[in-house]
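A short write-up of the structure that comes next.
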Amino acid sequence: MAYAYLFKYIIIGDTGVGKSCLLLQFTDKRFQPVHDLTIGVEFGARMITIDGKQIKLQIWDTAGQESFRSITRSYYRGAAGALLVYDITRRDTFNHLTTWLEDARQHSNSNMVIMLIGNKSDLESRREVKKEEGEAFAREHGLIFMETSAKTASNVEEAFINTAKEIYEKIQEGVFDINNEANGIKIGPQHAATNASHGSNQGGQQAGGGCC
C-alpha cells in the first residue's frame, strides 16, 4: 500500500520489560506470554492514518542485554521515534532509564521523539513504580509518557500512534528535514504523487508514483 511517509522507530529498555510483546500486540494484535529473548534486533511494520495520510511505521525491537548494546546503538541513528520501556513491577528497570536515555540521545538525531512507557499495567498488585514517578521522569526529560499493558492491549495503540503524531507535527513545523533519511523519515509514493498532481495543471502526461 502506498504511504505518504515512513517513520522508523526503535524500542529500547531492559530485558524482560515487554518490548517484543508491545511490538507484537501493535502489529499483530496478539499477546504471546512466553517470548524468546530478542537476539540483536527484530523488526515489525504497520500502516496507520494521521491527518488523512497513510503513515508506515517501521519498528525495530532491540535486545536489552548489555552484550548487544553496541548493536542497539547503531539503530539509534536513522530513527525518528523511540519507545523507552520499563516494567512497573521491577524498580531496577526504572532505575536504568537514565542510562538508556543518555545512550539514545548521544547516538540519535536531536529531534528524535521519545515516548516513555511503563509496561505491565495489568499487574497492579505487583507494582513497584508509581505512575507519578513515570510522569515526573518524563516531565524532567521532555518525554511523552504512557502506561501500557501488552497483555490486555491497554494504551498500546495510543503509545505508537501518539509518537507518530508528535513526529508528524514536527514535520509540519519544519523541525525535521524530510529529505534527509538519516532523520528516520522517508517520503513515500503517496506524498510524491500528491505533490506532483498539485504541481502540474498543464494536462501533460504525469509519471506515476514509484514503489519503495
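Including glycine, each Cβ sits where the backbone N, Cα and C put it.
The stretch that Swiss-Prot tags with motif 'Switch 2', taken from the ranges 13-22, 63-72, 123-132, is 63-72. From the options 37-42, 43-48, 115-120, 145-150, the stretch Swiss-Prot describes as motif 'Switch 1' is 37-42. Of the recorded residues, Ala2 (N-acetylalanine) and Asp61 (Mg(2+) binding site) place their C-alpha atoms 24 Å from one another. When Cβ atoms from all protein chains are considered, those within 10 Å of Ala2 (N-acetylalanine) total 17, not counting its own.
In the structure as shown, the Cβ atom of Asp61 (Mg(2+) binding site) sits within 10 Å of 24 other Cβ atoms.
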